[in-house]
Amino acid sequence: MWAEDVALMRRAGVTLVTVGVFSWSRLEPAEGRYTFGWLDRVLDLLAGGGIGVDLAVPTASPPPWFSLAHPDALTVTRDGVRLTHGSRDTYCVSAPAYREASMRITRALAERYRDHRAPVMWHVHNEYGTPCHCDHAAAAFRAWLRRRYGGLDALNDAWTTAFWGQHYSDWAQITPPRATQYLPNPGQALDFRRFVSDEMLAHFTEQRDLLRELTPGVPVTTNYVLAGWACVDHWKWSREVDLVSVDDYPSGRGMAAAEQTAFTADLARSWAGGRPWLLMEQATGYVLGPRAAPKEPGEIARHSLQHVARGSQGAMFFQWRASRGGAEQWHPGMVPHAGPDSRVFREVCALGEALGRIPAPAGGSLDGPPVAEAEVAILWDEEAWWAVQGPGLPSAEIDYLAAAQQAHRVLWRQGVAVCFAHPSHDLPAYRAVLVPSLYLISDAAARNLAAYVEGGGTLVVSFFSGIADEHTRIRLGGYPGALREILGVRVEEFRPLAEPVELPELGPATVWSEVVHLEGAEAVARYPGGRPAVTRHRFGAGTAWYVSTRLDDSGYARVLAHAGPAGSGTPGVEVVRQRDRVFAINHTEDEQPVPVDGIDLITGRPVDGSLGPGGYVVVPAGAPESSVMYP
Ligand code: GAL
């Protein structure tokens, strides 16, 4: 089948293939014994077909022999269950045997293929994301805590261990947050998530450094996972990878999938910080949710172009061929079970042809020019997300991801270019900065936001932001502690909502409400009964808005329209400008006007200011209509 695969890949315009992500047991069937013959053949075949290889280091799936020889390197859940091999991702990144074995297979692969012409990139591991609670993890956690806090006094203070008698008098008493009788300590829970991210990053950078030494000049990446969970701090990781690469599996369908795709691509673009990046995985079908289904006609190309328009160097898929057996035998592929005589494969070929006609963006090297600014930034911080997933919060319905997605979605529908920024990043001339339920904000980040508003910026803060410090301790004296002065409000009480209430100016409010006192701000919208719900405050040369409840999309859009960062795009019609070309994608089922004309690079036909249902074009950029450009 491999020869046929290469022929089909050429037909589909495939230029890069990730190989061997989980192949450790096939490559090293016993400790130190390697069977590279099959991989030699695969790489030779691909090289012969002119196809590059993103060669994987298979550390995401240790072989069964390894797990039997080193049971202490198997994952232990928080309940103390030691998992068994038989799936994938069953390892402890802190286990010395796993770390050693990882380096061994990395070295063996790099030495074997350093002079082979096929590999153009290294793909380390896969979607880092297995936390472990074993004794190795405990020891490494303690070492990490010592570095962070220096002494136990600082740790006890940060975690408020006086409460419930959790005071630690010896480092040896500290464990990962394992199953315990009732609520765990929130400071401990948050630090453990930070530790897990750092520990996995250490595993990655060890392999990266070895690869850089053995194969200098070959970029090293690892694919980020972006589902409803994030196990790593992507800002931090993005400083360490040579190329940001992301996987994208939208959970919605139709328009919701297009919105989620834009969200993921804007995150990736922001993490890459102006450098090129890559969509490493997507599927030809929908795999999340209760029912798997193929993507509708045209969606494969439209989703891919959404990424390419935002700077992805290509559009890759998991997986090439839908397999006959194995755990993911029902996962869609570029070649489905039905074979190449199928709609899906024809669409894959059409995509390959289209991408082949779009020239690489100007400055598309790994050291590309810095990203031009988007109009609006949404604050994104995984630490704050982890904190809001912590134990014992006043509502289980506060959802940071959903809040960030709503902010993005509302602006995407209006055609506003959005990027993401860390709360402590320099926030240059963004037209507005949106703060979606960012529970945890450090003092430095709060000062950063104050400086942005004082300098003339527009800040729109959603409820449950700025409440906690970096140790998840509540800032006293009234919520939202860190942002009170900027917002000109003092919140005395939270009142989570069991039932929606109707705000006369903004429609339904759900999940949350607050008793807001005005301390310099003015009320823009009120709860039934007259208490302030949405406020506005002049602060320095700028304005800070506060939304003390959860609005629906149209209510939130109305706040943004008042606050400033609204656009006039047609919902579902996406226009993305790069320096030298413009992408226009019509996600709707109707013909739509688009503010684009010129010759479509994909079809060679003129674009006359409109796009048919589901249509897409890429035209060379004339004079941009606004200063908003992606690299
Ligand atoms: C990704 C993973 C792939 C495959 C895919 C299925 O998260 O990296 O190996 O499992 O999901 O959608």
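Counting starts with 1 at the first residue shown.
Yeah, the Cβs are placed from backbone N, Cα and C, and that goes for glycine too.
Feature annotation from TrEMBL assigns domain 'Glycoside hydrolase family 42 N-terminal' to 2-356.
The feature substrate binding site is assigned by TrEMBL to R88, N126. R88 (substrate binding site) counts 18 other C-beta atoms within 10 Å of its own C-beta, drawing on all protein chains shown.
Residues or ranges marked as Zn(2+) binding site by TrEMBL: C92, C132, C134. Classification of C132 (Zn(2+) binding site) by DSSP places it in coil, neither helical nor stranded. Same-chain residues at least 6 positions away in sequence with a Cβ under 8 Å from that of C132 (Zn(2+) binding site) are, in sequence order, T75, V76, Y91, C92, V93, S94, A95.
Per TrEMBL, active site, proton donor is recorded for E127. E127 (active site, proton donor): 21 other CB atoms within 10 A of its CB, across all protein chains.
Taken from TrEMBL, the feature active site, nucleophile applies to E281. For E281 (active site, nucleophile), other Cβ atoms within 10 Å of its Cβ number 21.
For 374-563, the entry in TrEMBL reads domain 'Beta-galactosidase trimerisation'.
The 6 Å Cβ screen around ligand 1 retains N126, E127 from the recorded positions R88, C92, N126, E127, C132, C134, ordered by sequence position. Other residues of the same chain near the Zn(2+) site, with their Cβ within 8 Å of the Cβ centroid of C92, C132, C134, are A73, L74, T75, V76, Y91, V93, S94, A95, H133, D135, H136, A137. Compared over the binding-site residues C92, C134, the count of CB atoms lying within 10 A of a residue's CB peaks at C92.
Cβ contacts within 10 Å of N126 (substrate binding site), excluding its own Cβ and spanning all protein chains shown: 24.
Candidate recorded positions: E127, C134, E281. Nearest to R88 (substrate binding site) by Cα distance: E127. Looking just at the domain 'Glycoside hydrolase family 42 N-terminal' (2-356), the mean pLDDT is 97. For the pair N126 (substrate binding site) and C134 (Zn(2+) binding site), the Cα-Cα distance reads 21 Å.
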